[in-house]
Amino acid sequence: MVSNPSSSTEVWINSKTSIKFPFEPYECQRIFMKNVIDVLDMKLDAALESPTGTGKTLSLLCSTLAWVQKLKESKPMDFATWQSSGAGGAEKTEDKLKNSFIPTIFYASRTHSQLEQVVHELNRTEYKWVKTTILGSREHFCINQKVKKIKESNRQAHVCRGLVSKRSCHYYNKFDALTTDKANEILEKGEAMDIEDFVKIGTQNSICPYFMSRQRSETAELILLPYNYIIDPKMRRRYKLDLKNSIVIFDEAHNLESICESNASAELSSTSIALCIEELKKVLALLVEEEENAREEADNETEAFGTQKIDLTKKLIENLRTEDLMALLEKVFTLEENFDKLFESDQLKSVPPLDGKASDGAILLETLANSGCDGNSVERFVDVLRDAISYLLSKNEEVSLTEKGDGMESVADFLLSIYSTHAQEVAAAVGDEHIKLADRVDPATVARNCKLYIRKDSGKLVIKYFCFQASISMRMLKMRGVRNVLLASGTLSPIQAFTYNMGLNFGAILENEHALKQVPVLTSIVTRGKHGGLVGSFQNRKNIEYVSDVGESLIRVMETTPQGVLVFFSSYSQMDELVEVWKKTKRGASDSPETFWEKMEKTKKIAVEPRAKEQLAAVRLRYTQGVSEPHGAALLAVCRGKVSEGIDFCDAESRAVIIVGIPYPPIHDERVVLKKMYLDDLMGRKDLTNEPQSSRDWYQMEAFRAVNQAIGRVLRHKNDFGTVVLIDTRYASAKPEMFPKWLRNTISRCDSNNCALKTARFFKERGHLIENSKSEYIKKQAKTCKSFRQVKSQSASNPKDDITDITLEDMFSPANMKIEKKEKIEPRPIKYDSSSSSVFSLPTNEDELKVKKWEQENDSQTNVSSSSDLNKRKYKAETPGNSSGQHVVSGSEPPKKRKMVLLTRETLPEKYQNALNIPTSELTKGMSLDNQKQFVATLKGYKATNMEWQEVFQRLHQIFIPDRPDLFISCSNILRSEDKMKYIRRSLGMKINY
């Protein structure tokens, strides 16, 4: 729905707070925003599940910004004082003032492309003037070619710091010379900016966009950033994020639990330790050599001993001294030796079926402390490593290409991760509240929530430290002074387990309904095929009867589903194995002429998700092109893969979502085995006040979270519709709360045959919607192809670029999907005729109703036998009342202009003309009471709530067809003039006659 911020609707949530929303919100949006306002008032946290397509992002932005605006108005003097402090003001402001000014909003999402969409949504609202910035790495922002040509992000950072310290970056120097007022003048556009906007402004003004965005974050009211910038202690430290008195929003938070655990985990190899030792030796040798050269220089320049002394440290990087390097080198040597001893000791136990050994996390802390690195010394340890890396890179012309500081970087990151997770204040936060504080501050308390795992590969050790408590990361945020944490997603279910594991103080847990009371989704659990029950176990992948039944089920659904079908498998290996069997196995009798795979390819254009990310754009393009073809397309993909998240499949692209099997995590994966071991250990502990989650429940929850995320592809907005097919009998025994609340009432069980019948009936009832979506999808594809051509033409300047290098984020990002602004055509004012019961007056006979241009039907085949074939085109002309059209083969030269047929009252079929003359007062005569109620509700909805004409068409179709098609056609008189022509054209297309 396109909205104009100037025409926003004021929504009162309670007696104190109103929200300016771009349009009249649906009930589910009101409920969502009320929950946000309530927890902000109470200074509590929230877990908010709302189905995809219900305006979750818009509701989050409008409600939080409205609440902050109200607070700002109540403290105008404090806010004005803070804002006038200028760049760096957040650091200079006294704590007392800091506590009194408005909270900063941190809006986090998984990827930068998702954040681009947040910017797009924000600019639809009246809150677009709020001072906003977006944070990202140099990889996204930097415009200095010396840095851009470097691929590794860590090296980019070190090279950038070196250029900045030497004043060798023109873009940074110009940024550094900017006054605060000038910077604000450059960046103030009257609306929020995404990364592309920052880079464009930076390039135009030769000013570093990376540092501009970071500086703006010091005084911004809304900061957009990826998850890990908030969760990862190293990133918080790097970007100097001040979380005190802030509101932190995690959008798309369904994966947040695993992300929190991952960011509190760490990995290091003995190879990295050995490389770190070699790099430290190299730095030490270079440093000693430089000191010797400095002494010789001093001896040559000074006649009297001691009369002129050179401060050697000023010739080197600040604080980098040979004695520090030698002490550090000794500690790393000891660490390498202690890890070898630990692996051979009985402190680690074997963990079948894994090859390595494991123990509680406390063993790692003990090993690090015995190596001279504990919580008190780690800061200095890491600082020396960082200085050594910068020094090594500053000598890059003198060192080999392999000596880039990667080993030192790995050791530094490992230590920071461990001790950021195990700082004493964190231990105090995550300890049980019923235990005395003195007993909670020991970092070993935190280590009980972690597992150390070491394995040996080809004689080299791999040390992994797994954190299995997401609450550690969340409570670390609260310890930093975060005021509220809001977790939102379309799929948080099963939500009770999710909220338990996050460990926050939830004031609201919402499982929201869909915007539509009757969700236009058909969900079928297929329990049986021709040969029996469908159980997608690992063993059944080799069972030819099971694989055949799954293949037959897919074919039947593909045959009865129009447009696009998404098929999700549990894993790449499952998908590959089943496809391989389908390609070899004949369908039906042994003498059947075609295999399962051949039949699928005849039914739909098939695309398969690749393992390599760089190949995904081409596969995505093949699928979208296939969807617009007569038989449609099917995309085979995997749960938790690149397709199941992060890509928006709208309307025609996801008429059916099929899930084959249940996507349980790999049972022999190291993290899975150790997580289950950790949960089993918790079940045996008697010192816990709350009953922990069992390993069985966690394992099932992980699977269904992936299922629900894939299911979310089927509905993307209020006018969307589709089917969900779950091919596995085990879904039938799942508890209802494992599925999203909005889906539960749509689920039924059936066998393969009945599933196909129900699917066919479902889409037959929505035939007119499907026809309309075809033309809409073609328009969308035209814009997408134009965007794709623009991206391709931009890359053509570099002969090394290839189409496979263009990512999905390039092709389908909000930036590339922007539509050129067209001249706005004001609709004719609507006149109300008091003599009639019509809501809108009938347009005059001179109002011409334009029929769509029929585009050239281009042959999609790429192999053309001769050039003359290229000139043979077919054109379709349509006359009023005959929607089938006639094919006319042209000569060798196509027409220069496309023909346009205009539809007027005079050119309509006679019966249509008669129907349009029926007074609107006749529409409800003889109508049943129920139909009258539905009719009135439809008119009110159309007039008051921006109901789409397609929905009006569908509702009126149910009332008047097949009994009174003349009244159905006459109903077009109650529509706005711009919708009336579409209504009549749809009626002609469906051959509604009498």
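Using N, Cα and C of the backbone, Cβ positions are placed for all residues, glycine too.
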Choose the correct range: of 251-254, 439-442, 551-554, 735-738, which one does Swiss-Prot annotate as motif 'DEAH box'? Give that range.
251-254
Write out, in the order they occur in the sequence, the residues of the chain not among Ser50, Pro51, Thr52, Gly53, Thr54, Gly55, Lys56, Thr57 that have a C-beta within 8 Å of the mean position of the C-beta atoms of the recorded ATP site.
Cys28, Ser59, Gly490, Ala515
Under 8 Å Cβ-Cβ from Thr57 (ATP binding site), six or more apart in the same chain: what's there?
Gln117, Val118, Glu121, Asp251
Fewest other C-beta atoms within 10 angstroms, as judged across Cys142, Cys160, Cys169, Cys208, which are the binding-site residues:
Cys160
Limited to the domain 'Helicase ATP-binding' (15-324), I'd like the whole-number average of pLDDT.
84
Cβ neighbour count (within 10 Å, all chains shown) around Gly53 (ATP binding site):
19
Among the binding-site residues Thr52, Thr54, which residue has the fewest other Cβ atoms within 10 Å of its own Cβ?
Thr52
In Å, rounded, how far does the Cα of Cys160 ([4Fe-4S] cluster binding site) sit from the Cα of Thr54 (ATP binding site)?
43
Compute the C-alpha separation of Gly53 (ATP binding site) from Cys169 ([4Fe-4S] cluster binding site), stating it in Å without decimals.
45
Pairwise CA distance, Lys56 (ATP binding site) versus Cys142 ([4Fe-4S] cluster binding site), rounded so that it is a whole Å:
32
